[in-house]
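First, the structure itself, so that you have it in front of you.
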Amino acid sequence: MHRLLTGWRPYAALALLALMLALPGQATLPVMDRDEARFAQATRQMLETDDFIAIRFQDTARNKKPVGIYWLQAASVATLSTPDSPAIAPYRVPSMLGMVAAVLLTFAVGSRLFDRQTGFVGAALLAGSLQLVIEAHLAKTDAVLLALTLACVFPLAGRYLAARGARPPPARPTAEAVLFWGALGGAILIKGPVVPMVLALTVLALLIADRRRGPGPGWLLGLKPGRGLLLLAAIVLPWFLAVQQATGGAFLGQAVGGDLLPKLLGGQESHGAPPGYHSLLAVLTLWPASLFLLPAVVRSVSRRGEAAVAFLLAWAGPAWLVFELIPTKLPHYVLPLFPALTLLMATVLLAVRDDTPSRLLAKRWWPWIGLWAVIGLTLAGAMPVLVTQYGDASGLPVGLLAAGLGLLVVGGGLWQLARRRPLLAALAPVGAGVLFLGVVFQGVAPALSDLWLSQRAARAIDSLAPGAPVVAAGFHEPSLVFLLGTATELAPGGAAAAARLARDPKAVALVADSEQAAFLTAFQAARPKAPLPEPLIGIEGLNYSRGDPTTLSLYAAPPTD
């Protein structure tokens with residue numbers, strides 16, 4: 001392993017690992033509702049209108065998140081595709097590259113805090129974590145945000161360790177200060193206050209922990225806050241001022257009052273959960289890298305006097321508590337803290353390798369190890385069930401293949417545990433997970449045809465009524481707009497869809513079963529002498545955003561006499 005850790009080799013190996021996990025399924029996984037489709041459609045409209053300031057979904061202002069991710073996606077689409085293409089893969093490129101950058105930066109941070117071996121193991125564990133792999137497959141903010149978080153953490157960690165006397169001062173302090181403030185500005189343009197909050201809590205925790213015998217706050221001056229704040233303002237303010245002008249001052253009010261505060265004060269959009277949600281879910285979101293998560297955290301607390309361990313605990317602990325206390329919870333909220341956890345696991349795994357593995361294999365950790373195994377077995381067993389429940393018999397072989405690979409992930413970890421090799425027990429599931437997750441994203445997920453109603457509807461319209469204007473009633477998922485185009489009309493009900501079809505014989509109507517009766521009644525009233533339209537095709541499936549079985553019927557206006 002020593003040769004792998006020299007020169008450029010660890011960066012190449014980790015980039016390859018990240019790409020092997022992120023690439024499968026980029027083009028075959030359909031666009032996901034609802035956030036991914038909203039981000040992608042808003043980006044498309046920027047390219048269509050050449051307006052890169054205001055963010056819109058059709059005619060509705062999308063004043064929730066800042067503009068950064070839209071600019072990155074727009075650059076990707078302009079380079080690799082065209083705005084009128086329904087391909088989602090170009091919009092996902094920033095997320096995929098964000099994952100690669102996050103893995104490489106985790107190695108850099110781990111190498112600075114400990115050594116290259118610890119950084120490599122921590123970065124490999126991060127690459128294999130389920131939540132990060134999911135985010136790399138979605139055209140959203142979170143993978144890019146993670147990379148920018150790490151870009152801020154790298155110089156912050158260097159300054160802290162130098163102040164504690166654990167490392168020499170950074171060789172290029174000005175460059176690292178520029179990196180810190182530049183990445184912080186980028187993070188604000190991606191997702192507003194999230195990264196500033198994480199960094200502020202990290203620094204506050206370190207200052208409190210070191211208040212008696214520590215270096216004091218003077219080490220922060222090494223980040224050159226005076227000039228750094230000017231750089232931050234130069235990055236962030238131009239767009240914020242422009243969007244405030246473009247929206248008549250509405251952006252900040254709606255972003256804070258309509259998005260941020262509701263998440264802080266209550267469970268927004270049915271995403272509320274009690275405290276402990278993220279902690280209980282960590283065994284899944286970090287799986288299969290979570291095998292030694294709990295033992296590593298417990299052992300790290302006892303080593304909090306070490307500067308590097310203290311930094312990681314300050315990075316992960318306070319922000320994790322805040323995310324637990326916020327009523328609105330989604331699994332990806334704690335993603336900026338994952339590298340701290342995987343590096344804690346890495347340092348503990350390498351320490352016990354040099355000490356005695358029994359400390360990680362003691363009986364008190366067996367319930368955690370058993371939970372990890374149950375999660376893996378459940379995921380493996382779910383694959384053939386999902387393809388038969390939401391696909392057809394043709395998908396069963398790939399479901400069985402995924403199940404077998406899932407068993408390999410669990411079996412590889414448990415086998416190395418039985419041989420009392422905790423480091424290999426942690427890394428072997430990540431290696432097997434490359435195959436398992438690759439088959440899941442490339443084969444299993446696309447085979448769940450009942451879930452992809454928008455994709456099937458778009459294909460039917462392209463086949464039966466190519467180029468026709470489309471009005472939809474009862475099914476308004478953002479993925480439908482992305483696949484059919486910005487001009488897609490989302491009617492408020494079946495009656496409105498019928499009125500559009502009655503006055504525009506070239507249009508077609510996509511009507512959900514919940515609006516079918518209203519549609520037919522209104523059409524008959526609008527054209528009493530015409531026969532009732534017959535559906536060109538019926539599409540049955542599950543609207544997974546609502547959890548409702550749904551049938552979509554495609555109608556064309558019957559010919560006039």
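Each Cβ is built from the backbone N, Cα and C atoms, and glycine gets one as well.
Taken from TrEMBL, the feature domain 'Glycosyltransferase RgtA/B/C/D-like' covers 64-213. Annotation source TrEMBL lists signal peptide at 1-27. Annotation comment: TrEMBL describes 91-110, 143-162, 182-208, 229-256, 276-297, 309-327, 333-353, 365-386, 398-417, 424-445 as transmembrane segment.
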Looking only at the domain 'Glycosyltransferase RgtA/B/C/D-like' (64-213), what is the mean pLDDT?
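Here the predicted model's pLDDT, averaged over the domain 'Glycosyltransferase RgtA/B/C/D-like' (64-213), is 97.
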Would you mind listing the long-range same-chain contacts of the transmembrane segment (229-256), meaning Cβ under 8 Å and 6+ residues beyond its ends?
53-55, 61, 63-67, 178, 181-182, 184-186, 188-189, 192
Would you say the transmembrane segment (398-417) and the transmembrane segment (333-353) are touching, if the rule is that at least three C-beta pairs must lie under 8 angstroms and be 6 or more residues apart?
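Between the transmembrane segment (398-417) and the transmembrane segment (333-353), which are separate recorded stretches, there is no contact, as judged by 3 or more close Cβ pairs.
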Does the transmembrane segment (91-110) come close to the transmembrane segment (309-327), meaning at least 3 CB pairs under 8 Å for residues 6 or more apart?
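In this chain the transmembrane segment (309-327) does not contact the transmembrane segment (91-110) - fewer than 3 Cβ pairs sit under 8 Å.
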When DSSP states are grouped into helix, strand and coil, how many residues of the domain 'Glycosyltransferase RgtA/B/C/D-like' (64-213) land in each?
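Going through the domain 'Glycosyltransferase RgtA/B/C/D-like' (64-213) residue by residue, I get 114 helix, 0 strand, 36 coil.
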